[in-house]
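The active site, proton acceptor annotation in Swiss-Prot covers Asp110, Thr179 and rests on similarity to another entry. Per Swiss-Prot, Mg(2+) 1 binding site is recorded for Glu133, Asp174, Leu176. What Swiss-Prot records for Asp174, Asp177, Asp300 is Mg(2+) 2 binding site, and it gives similarity to another entry as the kind of evidence. The N-linked glycosylation site feature in Swiss-Prot is assigned to Asn259; the stated evidence is a curator's inference. Residues or ranges marked as N-acetylmethionine by Swiss-Prot: Met1. Sequence annotations record features per position, and here Swiss-Prot assigns region 'Disordered' to 86-106. The topological domain 'Cytoplasmic' annotation in Swiss-Prot covers 1-12. Residues annotated as transmembrane segment in Swiss-Prot, with sequence analysis given as evidence: 13-33.
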Amino acid sequence: MAPMGIRLSPLGVAVFCLLGLGVLYHLYSGFLAGRFSLFGLGGEPGGGAAGPAAAADGGTVDLREMLAVSVLAAVRGGDEVRRVRESNVLHEKSKGKTREGAEDKMTSGDVLSNRKMFYLLKTAFPSVQINTEEHVDAADQEVILWDHKIPEDILKEVTTPKEVPAESVTVWIDPLDATQEYTEDLRKYVTTMVCVAVNGKPMLGVIHKPFSEYTAWAMVDGGSNVKARSSYNEKTPRIVVSRSHSGMVKQVALQTFGNQTTIIPAGGAGYKVLALLDVPDKSQEKADLYIHVTYIKKWDICAGNAILKALGGHMTTLSGEEISYTGSDGIEGGLLASIRMNHQALVRKLPDLEKTGHK
């Protein structure tokens, strides 16, 4: 028998050649794409600056957008805080003791507010560091979307985007400030807060009061929806202090400023900062100074620090040191906050409080 062979018609030869050319084209184009990606060229995700390169270094974020999301997060968290309080089912429990021996309480309001605030911010800005007072369950992957709308009051004050490297940003969330007062149904002291720090410096802050629905915000070198009062009493100031150690501050304050000084015990660091400002909330007390003499967490004070700084005020340790919002989550040196006063002169007046603050 004659050996069998394979015969191809002219059409078959043409098809075979076309298939071969197609294989060679894809191999060659893939090779070129790989070579281009080494130099950051090419526009497809995963092949250039818009893909892995951007994800690796976090890119940039717009502080104006972060302010808009921070306001929304504080309000959304506040909705949860108010809903739980009005249900009167708090599921209150203790996380342990504070350094002063008081119960460090947590409620459903804290947890649910934290969940809303954290995931709204994390979904909008996945590449930034977010520090929050309450635990975040790693298994909880809720996605809460932002509609990318910036409110008119923010656009009016912050007229242009403000881009910063994402890796320089740290967000501090307090999902429910004044939990002790919350459990006692002292609603006026309760706030939700968000702060954005850039390279450790507080740049924007939001303080929201869930029960009056008042929100204060400010951005350093940007704008604000709140302002300082027209005058402050520096000689015999009204001093707002923590309810838990008002007597400790009162003793030294009277020695420093005289017996005409008024001490205002209050709950919540957010409430105390608002006491220094022109706030159109009838439940808000007014003070000239805010003094704290014990250890305090940074999520309690960062938003207030940013707002005061944006308005020309100051918040420092009792020894006058600026507070860095990186690293550890608390400060040891007490706290002094003022606005439209000679802050360093006040620091020099309070040596005894500084010593007390380090005990």
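Any Cβ shown, glycine's included, is placed from N, Cα and C.
Overlay of Swiss-Prot annotations on the structure.
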{"residue": "Asp110", "record": "active site, proton acceptor", "DSSP (3 states)": "helix"}
{"residue": "Glu133", "record": "Mg(2+) 1 binding site", "DSSP (3 states)": "coil"}
{"residue": "Asp174", "record": "Mg(2+) 1 binding site", "DSSP (3 states)": "strand"}
{"residue": "Thr179", "record": "active site, proton acceptor", "DSSP (3 states)": "helix"}
{"residue": "Asn259", "record": "N-linked glycosylation site", "DSSP (3 states)": "coil"}
{"residue": "Asp300", "record": "Mg(2+) 2 binding site", "DSSP (3 states)": "helix"}
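For Leu176 (Mg(2+) 1 binding site), the number of other Cβ atoms no farther than 10 Å from its own Cβ, over all displayed protein chains, is 31. The Cβ centroid of Asp174, Asp177, Asp300 marks the Mg(2+) 2 site; residues of that chain outside this set whose Cβ lies within 8 Å of it are Glu133, Leu176, Ala178, Thr191, Met193, Gly268, Ala269, Gly270, Lys297, Trp299, Ile301, Ala303, given in sequence order. Listed in sequence order, the residues of the same chain lying 6 or more apart from Asp174 (Mg(2+) 1 binding site) and placing their CB within less than 8 Å of its CB are Thr132, Glu133, Thr191, Thr192, Met193, Val194, Gly270, Trp299, Asp300, Ala303. Between the recorded positions Thr179, Asn259, Thr179 has the most other Cβ atoms inside 10 Å of its own Cβ, all protein chains included. It is 35 Å from the Cα atom of Leu176 (Mg(2+) 1 binding site) to that of Asn259 (N-linked glycosylation site). Within the same chain, residues at least six positions away from Asp110 (active site, proton acceptor) with a Cβ under 8 Å of its Cβ are Glu133, Glu134, Pro175, Leu176, Thr179. Apart from Glu133, Asp174, Leu176, the residues listed for Mg(2+) 1, the same chain places the Cβ atoms of Asp110, Ser113, Asn114, Thr132, Glu134, Ile173, Pro175, Asp177, Thr179, Thr192, Met193, Trp299, Asp300 within 8 Å of the centroid of those Cβ atoms. Note on the topological domain 'Cytoplasmic' (1-12): mean pLDDT across this stretch is 52. Here the binding-site residues are Glu133, Asp177, Asp300; the one with the fewest Cβ atoms within 10 Å of its Cβ is Glu133.
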